[in-house]
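Taken from TrEMBL as is:
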type	residues	note
TRANSMEM	B:27-52	transmembrane segment
TRANSMEM	B:58-76	transmembrane segment
TRANSMEM	B:83-101	transmembrane segment
TRANSMEM	B:121-140	transmembrane segment
TRANSMEM	B:147-164	transmembrane segment
TRANSMEM	B:193-214	transmembrane segment
TRANSMEM	B:240-261	transmembrane segment
TRANSMEM	B:281-304	transmembrane segment
TRANSMEM	B:316-341	transmembrane segment
Amino acid sequence: MLTVTNIETFYGPSQALFGVNLAVEAGELVALMGRNGMGKTTTIRSIFGLTPARSGSIEFEAKDLRRLPAYRIAQAGLGLVPEGRRCFPNLSVRENLVVTSGPGYWSLARVEELFPRLAERRYQMASTLSGGEQQMLAIGRALMTNPRLLVLDEATEGLAPVIRREIWSAIRLLKEQGQSTLIVDKSLSELLPIADRCTILEKGRTVWNGQPDALDDAIRDRYLGV
Amino acid sequence: MDKLKTGIIAPPGLPAMPARWFDRKGLVQIGLLALLLLAPLAAYLLGHIYYINLASRITVIAMAAVGLNLAIGYGGMVSFGHAAYFGLGGYVAGISAYHAFDFTPFMSWPVAIPGSDSMLVIWLAAILLCGLLALAIGAISLRTTGVYFIMITLAFAQMMYYFANSWPSYGGEDGLPIYLRNTLPLVDTNQPLVFFLICFAGLLLSMAITSRLMKSRFGAALTMARLNDTRLATAGISPYPIRLMAFVISAMITGLAGALYADLNGFISPTMLSWHFSGELMVIVILGGVGRLYGPLAGAILFVMMETLLGGLTEYWKLFLGLMLLCVVLFAKHGVMGWLAGRERNE
């Protein structure tokens, strides 16, 4: 579905990615892992054309995504939940959701069913939501575009445990529905049981790729520092 | 799909609730409208025609600023060239009236276009031409942002200014008089009060359009484009056409105000196109409150009253305007409306 081959990305003169390889097949949940600063977010920014890759290839359903503007990449079927709680604070929950809606399974009603807290706060400004609710809103906003591949960047970082559990159960539910997902997250205990495959980045390179069962302690110690 | 998809999506719910007439914001808004409507009525009863025309002037300038506010306040596009649309609207009214007065055609080839002294025809032409001009200027300017956008809109407006200045058929830098005010069916536009009411209706209409637009899905997308266009883009919506559309609508409103302004003064000149006027409109929007529906009205009342009252006392009244602007920028970032009516949800 998504095939990222050997991409190199720069921030101005400094190189951040030195050859990232990554693949997500339809229906899979792929975990993108690595310590801080190893290039996970940059990889996602490159996929979405926000920090375009200078070399390598990014293909989604046999379509070349490199050099496309971000909105065309999103239109091609990728949905991004960016790092941090990125909703639009000055718009209501409903406005945040409705603006990006596209045809497909996900509608306002279905998102509100997935996250009942959003239904309760439908008319509130997004700025008045708690961090966890804003994160739910960001996920809901991405789902409203009906993406064939959902990309979650640190969706549960810095949230209260009770909210985390809600978000993880939503992610599990999405996986059961066959949603293809690429996910960056640090809570391995939640992530590994549902991941189909893991890709580990180290200093801007893909250094390990395999099934979560094969992720032994040696690899964890070496690349994830846990 | 959800039936809300294209309709009004602003809620009847809590903080986004529209102003109720009896809360602070509602009272201020109704007060401003009532002031603007009742002052000329009182002036009419007392026989002071000058004050009716002053109210018309406030109304028309407020309407031009409503247009600019859509670009600056809601769309985040700091246009320093809205005089181009104001002036174009004015020139449409003036040139059309000139040919109607002379019984000469505006164009005889390839199609014959006669002049017209009908306001309806003039308004339609002004709106269409301003929309087309803004489409062209916006399509180029919106590829830039920040200070470049400010400069490029200014440059286009100055091109219009110098063009009008050096076009002798329509008066060049001396301008062109409109000997007879253009007409509307059924009413006598020469009556100052009637003309004021026409302007007032135009102002209300432009504010209603802005309000409705900003409550639609389009308005929410425009807000998103202002706040963070990459975030909007990663949701599959290109910010560019949304901004361009808002820019065009903004220019159409300002252009219609320009056509009314020409009829109000019975005179057009390149001054309407000059950067001073673009600047004044910006000052009005900032004074009133950027991105506030009633901000342009509050700003225009303040601006024109200062111009009239202080301008009668001293030639240097703009010094006081400058001080006031400084105070607004430093101490009351949400302008007069923010100060009178409190903050709004989009601040």
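Please read every residue number as a count from 1 along the shown chain.
Using N, Cα and C of the backbone, Cβ positions are placed for all residues, glycine too.
TrEMBL does not curate its annotations; it predicts them automatically.
Among B:58-76, B:83-101, B:281-304, B:316-341, B:58-76 has the largest number of CB pairs under 8 A with the transmembrane segment (B:193-214). With Cβ pairs under 8 Å as the measure, the transmembrane segment (B:121-140) is packed most heavily against B:240-261, out of B:27-52, B:58-76, B:83-101, B:240-261, B:281-304.
Using a cut-off of 8 Å between Cβ atoms, the transmembrane segment (B:83-101) and the transmembrane segment (B:240-261) share at least three residue pairs, counting only pairs 6 or more apart in sequence. Packing against the transmembrane segment (B:281-304) from elsewhere in the chain are residues 28-29, 32-33, 35-36, 54, 57-59, 61-66, 68-69, 72-74, 78, 80, 82-83, 86, 203, 207, 210-211, 214, 254, 321, 324-325, 328-329, 334-338, 340-341, 344, 346-347: each is 6 or more residues past its ends and has a CB under 8 Å from a CB in it.
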